[in-house]
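A.B. asks: One structure follows; several queries about it will come next.
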Amino acid sequence: MPPKWSLGYHQCRWSYDSSEKVLKVVRTFREKGIPCDVVWMDIDYMDGFRCFTFDSNRFPDPKSMVNDLHSIGCTAIWMLDPGIKKEEGYFVYDSGSKNDVWIQKADVSPFVGDVWPGDCVFPDYTSQKTRAWWASLVKDFISNGVDGIWNDMNEPAVFKTTTKTMPENNIHRGDADVGGVQNHSYYHNVYGMLMARSTYEGMAMGNAAKRPFVLTRAGFIGSQRYAATWTGDNLSNWEHLHMSLPMVLQLGLSGQPLSGPDIGGFAGNATPKLFGRWMGVGALFPFSRGHTETGSVDHEPWSFGEECEEVCRLALLRRYRLLPHIYTLFYRSHTTGIPVATPVFFADPQDPELRKVETSFLLGPLLVCASTSPNKGAHECAHKLPKGIWLPFDFADSHPDLPVLYLCGGAILPVGLPIRHVGEANLEDDLSLIVALDENGKAEGILFEDAGDGYAFTQGDYLLTYYSAELHSSVVTVKVFKSEGSWRRPKRNLKINILLGGGAMVSADGVDGGEIHLTMPSESQVSSLVATSELEHKKRLEMIQPIPDIDEPSGQEGAELSKIPVDLKSGDWLLKIVPWIGGRIISMTHLPSDSQWLHSRIEINGYEEYSGTEYRSAGCTEEYKVTRRYLEQSGEEESICMEGDIGGGLVLQRQISILKDNPKIVQIDSSIQARSVGAGSGGFSRSFDS
């Protein structure tokens, strides 16, 4: 059961590089009325990327910073990677060496691999001794005001290797109950989960009164017992927005209910429309976090203009109004294993057509229908609905760039007030029930409430309410028909909203726990209300200006191609290139050996690409918008040529070629060309021979 605050919105980037920057970002959320509960610290908070340390200049007093965050209703999550810097005098390395916890090479010496700090050793989490050692470090670490921990790079990722992980013949000294002494290939798939388990156990040791929150990149079946999962380093493009929906759903089907993507995309720069559309659906994923890489433009909700900011505000206010329902779904998942977000076919497993739906999903009886097309809003798409009654509704917040919501006939949906963070809500706040009657005039729904953290709910300290609605002689009666738990019902107002269709509804007010009666309008009145609501809804959508899409300046050559990944295949090479991220090559496969020559921030016999600030990259730093691109088929080579405006009348031109006369060679030519300041250019060329 996750802490309730973790179901709010999370804001992250690589990196918010100082305490001042972190506080400024969170205060901006508050000033703009955009909900947010969590801010994240990536690796740059550390002293030289050493885990369990803080940079004394940029984060001189992390506990004080976190206290400031808590005072405005925000929590803080900090990254911990498995790679521990091999450096005598560094307390984590010294302690681990003393306790003999490192993964070994075949010659039984500690394996050393290159990660962010440089040479690193790696804890062997297959051993209980190592897990207890790591947990003790975590226990001490959280005393600095750490609310949650982010386990990244835990596949484990290792630079300077063709596999991007450690050698398969490394030795793990696992406990007998998990497999005993084995090589790395035996334990590779569970390494990330065992790290997350160790982290979770350390947080539990540090504060038994709190539910630990851990996020892990790598996992295995059972990881959900210890950590949430995100879908990894995605790209800021429409294809990856689309992919994020089935990825979250399939993680749920695999047993991981708490997952989500990097909203807006991790690598590259989102456009206003892409970011807003992604936030619209991402705000309704079980785990909702915006994140981006170093060197990208700002990816906060207010970073893409007023139209996008408003869509993000509406999207997140939706999430927070739906938190009573979402939290209830997590309780159901905790007790039954049912995913929080499910594919649409869960509403009708007998309909094979529903298994093809990739842009809609269910949150219990709530159907979310999104659009992942830049040219169509969700309201313009033909959505496949399951059989039965599905009634549309909104919170007077419909927008061309937000998903469309439907409630299943026979369901009651509990919703709360619009709040800026979870801590603003009180049990005595007004509660609303949205009711969709079935064909028999009945509906039911549940609401789970507890302290939002800790484990008192396991001892009965909670309130689980079963609501019912029934139509009899034109009167709908809404009441509590069953309750569980030792909590007394809060004294609060209860608002009933009965959906009629077309977004129309009739309402009544009462007190939670008592019977509320509502006389339904006649059939002719219902028809009139529905027609009026549909007309007003249509007019509202027509009046609202969608988020402008400014991917590329209109009319420029190649603009329509600017968001299409390019496959360049010839001779010995298959390259995948994404022109909108600085012309970056994201995959470089050597076909004869079926090996991957592309690596992030490494120096081996391969080519390295990196967008944004490059620390010790073999490539050059290139961030530009594509203004022109074409494929050349001259008979001598196959190539892609890209140009980016870098200001001052100059463009950066980059041509990537596979030579026809020597198919073993990939050649990359870069130059700066004068377009409006007279002749002259400078450039360089590199080639890579297989």
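Any Cβ shown, glycine's included, is placed from N, Cα and C.
TrEMBL entries are annotated by machine, without manual review.
Summarising the annotation, TrEMBL assigns domain 'Glycoside hydrolase family 31 TIM barrel' to 1-329. If you look up TrEMBL, you'll see 337-393 marked as domain 'Glycosyl hydrolase family 31 C-terminal'. According to TrEMBL, the domain 'DUF5110' annotation covers 431-499.
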A.B. asks: Would you mind splitting the domain 'Glycosyl hydrolase family 31 C-terminal' (337-393) into helix, strand and coil residue counts from DSSP?
C.D. replies: 12 helix, 14 strand, 31 coil
A.B. asks: Per DSSP, what is the helix/strand/coil residue tally across the domain 'DUF5110' (431-499)?
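C.D. replies: Secondary-structure breakdown of the domain 'DUF5110' (431-499): 4 helix, 41 strand, 24 coil.
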A.B. asks: Would you mind giving the whole-number mean pLDDT across the domain 'Glycoside hydrolase family 31 TIM barrel' (1-329)?
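C.D. replies: Computed over the domain 'Glycoside hydrolase family 31 TIM barrel' (1-329), the mean pLDDT is 97 on the 0 to 100 scale.
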